[in-house]
Each structure stands twice: as structure tokens, then as C-alpha cells.
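Q: Have a look at the structure that comes next, please.
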Amino acid sequence: MADTSLMPIPGQVDPVPAPRDITPRADGRVDLMGLPKARIQELFAEAGLDAKQAKLRSKQVYHWLYHRGVTDFEAMTDIAKTMRPWLAERFIVGRPNVVEAQHSTDGTRKWLLQTDDGHDFEMVFIPDADRGTLCVSSQVGCTLNCRFCHTGTMRLVRNLTPGEIVGQVMLARDALGEWPKGRMDGLDDVEDTGHYSADGRLLTNIVMMGMGEPLYNFDNVRDALKLVMDGEGLALSKRRITLSTSGVVPMMERCGEEIGVNLAVSLHAVTKDIRDEIVPINKKYGIEELLQACADYPGASNARRITFEYVMLKDKNDTDEHARELVRLLKQYNLPAKVNLIPFNPWPGAAYECSTPERIRAFSNIVFEGGISAPVRTPRGRDIDAACGQLKTAAQKKSRAERDREAAAEAEAAASQA
């Protein structure tokens, strides 16, 4: 029987609880991905293990899942051989399904992923000289309708579960060979040459800046990030994780208290009229209310500054006056801030153009002169539509039937050569 647990589905600006059917696996097994150790222990007890065995086995399985990236119970060598088939009959360690993997000329990688119930979403890995950043999605689609963002042209399909969110991190580590036994079969689609941190990790940072508004899927995002930050699991420091919001003000304090990661705010305009147009949530939570929530954000300090994202749109939000007003607002609220200036990344049908390089530099200089760091973000992955604001699932760009025809043609060609 389908589980009809509540899932928050945001309307135009605020989440509204709404039921949705969760289709169980056809084989009846329970996916452990995205579950904390305590829940795994409960499931093992419900499946018939006594309390002592449930506690021991959950600790072992949790370690293999999140610390070593193992998906096959037979590979969990410190678990009794007789126990491994018992686990495999009842449980599974899932990953998002990979539909397509793309590699940009600048090293950026994008994966088109699919949930078990057939919904597509994307994640992006961006390598730099001293770090490797994974851009993670929180929803399939989005409701915020930001005018400059390709994802904003999609309807919201559903929230991603904790397993589907943390599964993106697991999948990226699979592909990058981040586990003790190296690359996972079938995922080493692109060779990487360098390591970006002292401990040899390629994936050093996570940004919740993929598809969707993370604070409209707060519980699932929180639960997933707790697994990522757990010292017995993926063990990524909260200082290396940034959550980006378009300004869901009522959830920002909880974000700081319950998750505690770095905060980024999609500001993009400094006047009500312009922000109402390009970031419609501003009609509900205005600039002043948003900036006050930033000033109150738990943990914000000069050592942990809030990042304000500002996409540069030609003749829309890029004048000297806009730059000076940005400085004034951030100083008015005494915010420990830095500003990321983002050249607009074009996509088919977009209503805007990117500001000229000269205009962007002039804007940046004014903000710098005002005492606030304002670097210009280098666009990454434009050639594979992986840059900021370009994510939109291939299901929207290319029909599934087209992809099926292409796959059938490839299979037929391979068979003819055999």
C-alpha cells in the first residue's frame, strides 16, 4: 500500500503541506540511503534482529554506507557472512540513476539524474585549483519563478528526499574515486588528474545551489546535510557547505540553528520594483525584511560572512547607482558580507542579456571601494548548460522519446558491429 506521508509543496511563495503517494519498491526492500544510524537500527529491529544485534549491525552498515561508499552488503567484510544475504533480502543501498554525464571543456561535469519514480534533476561538479565544489539540487523543478533562471521556468514536480539529496554527494564521490577502493565501475566517465586539498579529496565543498529552493524543502535538506557533516559518515565540515536561498525569511533562523552551514542569499536587485520582477518572492518578503533576517542569522561573523549573489543583467540592475545602493544597504544592516557578481548565463528564451565586461568591472569597483568584497564569478560549464541559472532537466529540453530513440539506435549499431 502506498505511503501517503505529507510532503511540503510550496505554492507561489509559501510551502503548503500536501499529500503525495510514495510508491514502494516492487521487491519490497527498504532503501537505507539517506537514513541516520538510529533509523537504520530501528529498521533492523523491526525486521527481526534483537536489540544488541540491531545496534551492532546498524553501526557497521552505517560506516560502510557513508564512510566507505559501499552499496553491496557482500562487500561489508566485518559483517558475518550469514548476515549479509539476510540484509540483501530486506534492504538496499541506492543511488540516483544516471541518465547522462557531460564534461565541459573547462573541467566542469554535469550529471542528469533520475529518481526511482522517473523524475529528472541535475547536479554539477566544478573543479578549481584549490577546491572541488559540488552543486546539489534540493527539488525537481522550482516554484519561485526567478525570471533570469532556467530552472524557474519549470513547474515544481516534488521535493527530493534526504536519500536523493545525500545520494548526489555519494554518486559524485563514486565518480571521483573518493572511496578507499577507488573508482566505482561504470562511473569513471572522466579522468581527473589532481587533488585539491591536503587530505587528497577532490570533492571539498558543497553548495545547495542546484535545482529548487532548499528552504522550501527544509526538513529533507537538513536531514541530508546532517549525514554529510557527521564525523562518522561523510565528515564534511559545515564551514565547507553553503546553502543558498532566494529569501524564505521565516526559515532562515532555523537554517542557522538546525543546520549551521554558510548562508548565501540570491539578492540580485536593490530596489523593490526590480526585485519584484526578477525574484518574485520579494513581493512576500521584501529586501529590508530579508536583510534583517541576514543580520540575525545565527553564526554570521566576519569570519563567516554571508554571501550575496548578484546576477548582472544588462540595463536592468547594473548601474553605478545600483552598486552604491548595494553598499549602502549592506552597511545599514551592518552585515558581515561579500558579494558574488555573476555574469548572466544565457539560455533559450531568456528575457535578459548579460551586462558588458566593462560594466561589470565598474560595478565591482564601486562595491570594493565601499569596503565590501565583490569578485566577479568566472562562468563555468556554459557549453554544457551547467553554469549558474542554466539548470533545467533534459526531460524539458529533449523528450524522453527522443532519448529512447537515440538509445535504441546506439544499441542497434552496437549489435550490428558485434
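The backbone N, Cα and C atoms fix where each Cβ goes, glycine too.
As the structure is a computational prediction, the values presented were derived from the model and not from experiment.
Marked as active site, proton acceptor by Swiss-Prot: Glu122. Look at Swiss-Prot and you will find Cys388 tagged as active site, S-methylcysteine intermediate, backed by sequence analysis. Residues annotated as [4Fe-4S] cluster binding site in Swiss-Prot: Cys142, Cys146, Cys149. Here Swiss-Prot flags Gly212, Glu213, Ser244, Ser266, Leu267, His268, Asn345 as S-adenosyl-L-methionine binding site. Annotation source Swiss-Prot lists compositional bias 'Basic and acidic residues' at 399-408. The disulfide bond annotation in Swiss-Prot covers Cys135-Cys388. According to Swiss-Prot, the domain 'Radical SAM core' annotation covers 128-383, on the basis of sequence analysis. The annotation region 'Disordered' is assigned in Swiss-Prot to 1-21, 393-418.
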Q: Could you tell me which of these recorded positions, Cys135, Cys142, Cys146, Cys149, Leu267, has the fewest other Cβ atoms within 10 Å of its Cβ?
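A: Selected from the recorded positions Cys135, Cys142, Cys146, Cys149, Leu267 on minimum Cβ neighbours within 10 Å: Cys146.
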Q: From the recorded positions Cys135, Cys142, Cys149, pick the residue whose C-alpha lies nearest to the C-alpha of Gly212 (S-adenosyl-L-methionine binding site).
A: Cys142
Q: Given the recorded positions Glu122, Glu213, which one is most crowded in terms of C-beta atoms within 10 angstroms?
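A: That would be Glu213, with the most Cβ atoms nearby.
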Q: Measuring C-alpha to C-alpha, could you say which of the recorded positions Cys135, Glu213, Ser244, Leu267 are within 10 Å of Cys142 ([4Fe-4S] cluster binding site)?
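A: The recorded positions close to Cys142 ([4Fe-4S] cluster binding site) (Cα within 10 Å), listed in sequence order, are Glu213.
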Q: So which recorded positions out of Glu122, Cys135, Cys149 end up within 10 angstroms of Asn345 (S-adenosyl-L-methionine binding site), measuring C-alpha to C-alpha?
A: Cys149
Q: Quick check for the class: what is the C-alpha distance, in angstrom and rounded, between Leu267 (S-adenosyl-L-methionine binding site) and the residue listed as 'active site, proton acceptor'?
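A: A Cα-Cα distance of 23 Å.
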Q: Which of the recorded positions listed here (Glu122, Glu213, Ser266, His268) have a Cα atom within 10 Å of the Cα of Cys135 (disulfide bond)?
A: Glu122
Q: What's the CA to CA span in angstrom from Ser244 (S-adenosyl-L-methionine binding site) over to Cys146 ([4Fe-4S] cluster binding site)?
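A: The separation of the Cα atoms works out to 14 Å.
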Q: For His268 (S-adenosyl-L-methionine binding site), which residues in the same chain are close in space, meaning a Cβ under 8 Å from its Cβ, but six or more apart along the sequence?
A: Cys146, Phe148, Arg275, Ile278, Val279, Glu309, Tyr310, Val311, Asn317
Q: Counting Cβ atoms within 10 Å across all protein chains shown, which of the binding-site residues Ser244, Ser266, Asn345 comes out on top?
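A: When each Cβ's neighbours within 10 Å are tallied, Ser266 tops the list.
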Q: Could you give the Cα-Cα distance between Glu213 (S-adenosyl-L-methionine binding site) and Cys149 ([4Fe-4S] cluster binding site), in whole Å?
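A: Per the Cα atoms, Glu213 (S-adenosyl-L-methionine binding site) and Cys149 ([4Fe-4S] cluster binding site) stand 12 Å apart.
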Q: For the domain 'Radical SAM core' (128-383), would you mind checking the mean pLDDT of the predicted model?
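A: Here the mean pLDDT over the domain 'Radical SAM core' (128-383) amounts to 88.
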Q: Indicate whether Leu267 (S-adenosyl-L-methionine binding site) is helix, strand or coil by DSSP.
A: coil
